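Report on the structure given below.
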Amino acid sequence: MELARYIDHTALKAETTKDQITTLCAEALEYKFASVCVNPTWVKYAAEQLKSDDDVKVCTVIGFPLGANTPEVKAFETKDAIANGADEVDMVINIAALKDADYDLVERDIRAVVEAANGTLVKVIFETCMLTKEEIKKAAELSVKAGADFVKTSTGFSTGGATVEDIRLMRETVGPDIGVKASGGVRDFEGAKAMIDAGATRIGASAGIAIVTGGRSDSDY
């Protein structure tokens, strides 16, 4: 298992500095991670830092971390991020709309980002710690219907992160052709392997180096 290629090497805290983004990108190049995941303000800089290796992508976040923006705002964010060099976007669904069973809005919200991305890879963040199993399943179904490429557990900014049980449910719901990303609380090799064994095809973590070197991080993301 080439574990590094599963990892989105992540730095999303508000206080993340330019020096920390520089280090993040250098580490991603060294370890050959799938991507760096950064806030939109750092996309252009990260793209410049990673231009020597087409295999290490720039991932950013949309409607993050609450998912409470309108579809139109999320679409604008998506276009702006791609113009700045983003290769992948991780959007947060409208969590309240899902809880209200306003499935038309949930789907329209996802589809707005998918259409704005125009072929750029889209991952849909559910914030599974806030959802029932039925809501997770419904979010996965709506993500597939709206044309998303991936479903993702968590922002890393709420009360819980990825669980093996949720990853398994998401994989069972979306089938074999959609990616599943585990994020939030994956801190070591054993945790990452458990997620992959349950069906994850990507791991979002700030602990990427610890994961691939057999160490452990205390980071929540």
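Numbering starts at 1 and runs along the chain as displayed.
Even glycines carry a Cβ here, placed using N, Cα and C.
The following features are taken from Swiss-Prot:
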ACT_SITE  Asp90  active site, proton donor/acceptor
ACT_SITE  Lys152  active site, schiff-base intermediate with acetaldehyde
ACT_SITE  Lys181  active site, proton donor/acceptor
Rounded to the nearest Å - Cα separation of Lys152 (active site, schiff-base intermediate with acetaldehyde) and Lys181 (active site, proton donor/acceptor): 4
Residue among the active-site residues Lys152, Lys181 whose Cβ has the most other Cβ atoms within 10 Å: Lys152
Length of the line joining the Cα atoms of Asp90 (active site, proton donor/acceptor) and Lys181 (active site, proton donor/acceptor), in Å: 10
